[in-house]
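Feature annotation from TrEMBL assigns region 'Disordered' to A:1-23. As annotated by TrEMBL, domain 'FAD-binding PCMH-type' applies to A:148-328. What TrEMBL lists as FAD binding site is A:248-254, A:261-264, A:312-318. Residues or ranges marked as site 'Important for enzyme activity' by TrEMBL: A:363. Marked as substrate binding site by TrEMBL: A:458. The active site, proton donor/acceptor annotation in TrEMBL covers A:519.
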């Protein structure tokens, strides 16, 4: 787990847990990840001197060059205006950030201090700043310029379900806002305090990182939900099992965050989305704890777990979950394929999906993201190996590939050797009939190693006067290509009309019988004032187009406050009324993550602007 | 569909629907099924004279003998006390039933009559009696002796979503109780009016039986939920697709009933339970209609469909649903296997389930139900064919089968030829290693033809002074054999102690990674007063044992009022509080199927007895 097990004492805290479970000195997760960027402090992109090449440094490897990346950024992202250098826009230094002191609430703190150990309660500047935001572009820009308006007044780091119960009860008694904080990787504003009217606690769940039991017979595990992805899978692997949930945020997100936001992992086509894996969980609400029984599928009334899945901390805090697991797959094979065009790739995907033999994962990058993918590889790698002049000629003349349209696809198979071989033969047959060209396992291997790296590139881009954001949705087969075309064209036209460089790409990352997850990544230059208007306009544009094509408001990022303006259009008004009653019932004082998920009545009636439009950055130099 | 399309007129009703959609003369479904028993009026078991053999008559075949059934009933069900004839306990004649006249509510009726056609509103004795109960043993006994206390005052047969909206609004205005009535096959009391305090409408949904569209690309269909199973699959088949939902009640239950009760079909291992098939649906509540968008999986907030799935009409009436479908499987193969014992069969099942290649269906009958299964076949059939003296000898001496312990299993594979062949080879290999003996496809074929017949046998047993009931649950692998043993032993001991003949069997019908559905069928003799106490005691006994082993309160029958006494033990009190608020929000006047699903506060506080204990039959001769 995250905690360094150095020394222990036997002091007990108010919940009766012996402190020996919690070593005296350890490094909390929030101290190990960047306060002003994504991920591990020891992993970052930087420019090599004197070559000017971009390189990546990781805990394992120092300054590995990414030779294709700078030319790609200059040519494609920055608009290809002939400039040879990137513009530096460095982050503020931590010491130069000013935040308001924590609000005073001595009675509340007195009760907490009687129950929690002092090192479970933090209100230093570092803890407060690192628990203010998630990792959206808006979050990073505001952090990087030091515009931190509403830092939480206190960070509480509970160790157990009972401690969360005590915390929530006490907060409710003193009308204190509580915001559950998992890995803080959320990019839709779900963890951000949105006013300073009330004392606000960010509840960092990451010390609740134990696997309580693994049942290999029923293939279930009971898990404290503050556990991070790598810790979860490492500990499960000791019992020979895996949960198989592998979202982009895997390294820095928690089980609780996955449950609260309806997360989905790369291999969801085989292992399901997070709701399929969840058997049951405990949720602490201000009016009491909702518990659910263990056991397989039942048909005895409404299944309560679905009230909490996707509630994003607005109804309470999930503490422990029983999750389905499966034996560690003996075989896991990931292959790369090239298609002559996105339409070819989508057609092959739809043909595969219409059969009853489905791979574990099919990712398809559109031509733009294919180029990004190759440009961000450490060496020329697989692409060059396979795209030798001869192969190139063959593909071009014999198979009529147009290299501007080539799409990379990563297709994975996991399971028993028998089932992998069977599915592979079936899928490869369909691929062959659809002009796919195999690149072997090398691109799959590279994907496996680099699949969490894109946010590090985003940090680098932010360092150089550009911003990056994403929009993802679930869209029907019929609307997939139209949405892909229309959204990309509209985005490009929007910025072209303003004369601002901008770039957009997309990939398909999850498939269903009735559609796919389509994921856009878009980049533009900061405007002169370095404020968020270009981002807000682009996000509005993209979300409106998604809605126009009947897409989901989100496939797996959630709602937070970023998607609230579209909720009335996305879900029925009837449901919003029901949700409000649910909220009133479970959280009568509205202390649980207020103003997230559903518009307030004031927002709905245009008496208050949406946070989406308000939380801007004005006249600030990046 | 069910309606005979004879003549049409162009009269419109209040919803603006042209009457030509609804032929002038037709036979509503409720007129085609038995008022005092299960299923098709033209299908029943009876005794042949002079042989005394039991036979079955169906619309296709008259008086087909079931030679093994009478000896089996006499020996096993009736206690084997040497009697050679069954005791006759015929049903009351319809004309001899007395019910109270419908309550008066002229204002309400006036509003309905202004909107609905006269043939959509029924209050004749036949309509009222056939909409009073479902088909539980308690329902059938009360019908057969004419003890019908609270018949609905009116039956409304809506044709459209808009008509249901009008009905629900009007009912809410006049504080009229509304109970959605699908096929009426429910066996836990879900459709029964439970008092005569308020005017009560049974809403027969079966005229809403149209498929509104089929989308073969997205593999979805939009369907009016009053459609019965056979109509649904026949109409879908015209588009080359199937929903694949095939519960025991298939012939006489509706899509709406399946959704409202969390139904599960025989092939759920492949096609999922009803909640997996449901994309979205419209639900009319007294405070408005909940609508949901079409589209594949999303992660943008709480998924409202799960509030309605399993709500059993207590929050509103589902009217239209978008359901996932799949191509009609080109191959469907069902095989019979014999195992030396239930433990052998369960072990093989668990081994199959622990791999990543699962059949479409695995049913395992315990030794008692295996004997029932063979005893109720039209000829000696497959069993005899295969169990020739030679095979018998081989099995007995070489493979050590004990015929008292033999278990029949039906294992099915559906899909493409490729995937069926692959799964079959894998599963057959595991079966061979677990002492399974193949009977080929003949038992599978018989199962396919006879799979809906058990309730007809129940009617025959009721005709002969016995009662039959069932209990089903989802239980973990670890508790499966202990629950099976303990429940059977406790049931037998309970009646042995009273000196009353009784019989119990069980089968496994659905499998999950973390357990199976275990389904008990039990039979006993009526007691001298012909009242329900023996049933109520047995049902309490069985449900208590299920709870003791951590089983689900129901796997797919639902809650109704029969399972309400266990709900506080089964779900958390927190959730019951939340449900009550949901109910208050959507149905503030409690007009939607009151006293179902969750105990009332009065029941919970023991101020009112549970309906389960109250709705008894006293001193009545069957």
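Cβ coordinates come from backbone N, Cα and C, glycine included.
Contact annotation for chain B: of the listed recorded positions (A:263, A:363, A:458), A:263 place their CB atoms under 8 A from a CB atom of that chain. In the structure shown, across all protein chains, A:248 is the one of the binding-site residues A:248, A:251 with the greatest number of other Cβ atoms within 10 Å.
Its Cβ placed at the centre, residue A:519 (active site, proton donor/acceptor) has 22 other Cβ atoms within 10 Å.
Mean model confidence for the domain 'FAD-binding PCMH-type' (A:148-328) is a pLDDT of 97. When the recorded positions A:363, A:458, A:519 are ranked by how far their Cα is from the Cα of residue A:263 (FAD binding site), A:519 comes first.
Ranking the binding-site residues A:254, A:263 by the number of CB atoms within 10 A of their own CB puts A:254 at the top. The two recorded residues, residue A:458 (substrate binding site) and residue A:248 (FAD binding site), show a Cα separation of 14 Å. Within the same chain, the residues at least 6 positions away from residue A:313 (FAD binding site) whose Cβ sits under 8 Å from its Cβ are A:179, A:180, A:190, A:191, A:260, A:592, A:593, A:596, listed in sequence order. For the pair residue A:519 (active site, proton donor/acceptor) and residue A:248 (FAD binding site), the Cα-Cα distance reads 12 Å.
Sequence-distant neighbours of residue A:363 (site 'Important for enzyme activity') (same chain, six or more apart, CB under 8 Å from its CB) are A:266, A:409, A:410, A:411, A:447, A:507, A:508, A:509, listed in sequence order. In this structure, residue A:363 (site 'Important for enzyme activity') is part of a beta strand by DSSP. Residue A:316 (FAD binding site) is surrounded by 29 other CB atoms, counting those within 10 A of its CB over all protein chains shown. Neighbour count (other Cβ atoms within 10 Å of the Cβ, all protein chains): 23 for the residue listed as 'substrate binding site'. DSSP assigns residue A:519 (active site, proton donor/acceptor) to a strand. Residue A:254 (FAD binding site) carries a strand DSSP state (E or B).
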